[in-house]
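Feature annotations, courtesy of Swiss-Prot:
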{"type": "CROSSLNK", "residues": "LYS52", "note": "ubiquitin cross-link"}
{"type": "CROSSLNK", "residues": "LYS273", "note": "ubiquitin cross-link"}
{"type": "CROSSLNK", "residues": "LYS299", "note": "ubiquitin cross-link"}
{"type": "TOPO_DOM", "residues": "1-8", "note": "topological domain 'Cytoplasmic'"}
{"type": "TOPO_DOM", "residues": "30-238", "note": "topological domain 'Mitochondrial intermembrane'"}
{"type": "TOPO_DOM", "residues": "260-352", "note": "topological domain 'Cytoplasmic'"}
{"type": "TRANSMEM", "residues": "9-29", "note": "transmembrane segment"}
{"type": "TRANSMEM", "residues": "239-259", "note": "transmembrane segment"}
{"type": "ZN_FING", "residues": "302-340", "note": "zinc finger"}
Amino acid sequence: MENGGRPSLCQFILLGTTSVVTAALYSVYRQKAWVSQELKGAKKVHLGEDLKSILSEAPGKCVPYAVIEGAVRSVKETLNSQFVENCKGVIQRLTLQEHKMVWNRTTHLWNDCSKIIHQRTNTVPFDLVPHEDGVDVAVRVLKPLDSVDLGLEAVYEKFHPSIQSFTDVIGHYISGERPKGIQETEEMLKVGATLTGVGELVLDNNSVRLQPPKQGMQYYLSSQDFDSLLQRQESSVRLWKVLALVFGFATCATLFFILRKQYLQRQERLRLKQMQEEFQEHEAQLLSRAKPEDRESLKSACVVCLSSFKSCVFLECGHVCSCTECYRALPEPKKCPICRQAITRVIPLYNS
């Protein structure tokens, strides 16, 4: 605390930082909780012969937020893996990721760093169909890349290490960056894979479509089943809730600490003011009872023992209130009896 009981700059920064972080974490928690609640309330629709009749009876021939599960089937053509034979899919993602070590000037350590230097995603139209044979129904999946959880499977991974000469190594140490290599990855959504779709289910011209939902709800095309997907979302909600509570507790603790310090400072000021008033009252009583010739000596008396003359000037407060013996008897750390400020230096006072 600074003088006067005001919070210090560090305390203001700490309180402001924890408050902002708490507000941000709480906002993320509320958003995650809302997403989880909407996902929990999504209507489960069976991919069967009665799907079109269910949608035709729904308001607007639409289920705003539905869960449907089926197998992936391409509409016409398929995508072939560039690295794996006889691997066909409807979504293909090729990624080149650079891995390197970067020198941290603060910690004086080499830190791992990775960066995507190239990524390409190819898609072809595909449907979700029942796992059972003989059921003539399909759901066309629209805008799959808008999904927040695209169930791609890594079918190929290879790391290409960097080949470095001695001069390259010296140059990397000087520049503070040491390349490790390039990781090449291919991910695919295979034909026949089981996919759980969560989105808007619409019947349009006798065809069923699954598309991104409206009203800010999230679109899912996950390789997990619905229960696992919901459990993962709820785990995420619990994590953000715990983080918000921890930082909220830190904010409350910081605020309590600041207010408590202010309260104690105020109580100390009131106590010192009361002591000063008592000293002045006691001194006034002594002066009123003393003989006229003794009043000057009483004005110069030590406020502690009232028997010796004041002989010390306390710095930095500048009070002249104590004799040398009483100053030496003050407990460590020595503080002025009047204002309770720390005594940094004592100047002897000589009475003529």
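Backbone N, Cα and C define each Cβ position, glycine as well.
According to its DSSP assignment, LYS52 (ubiquitin cross-link) is helical. Here the CA atom of LYS273 (ubiquitin cross-link) lies 85 Å from the CA atom of LYS52 (ubiquitin cross-link). Across the topological domain 'Cytoplasmic' (1-8), the model assigns an average pLDDT of 57.
Each residue of the zinc finger (302-340) gets a DSSP state, and the totals for helix, strand and coil are 6 helix, 7 strand, 26 coil.
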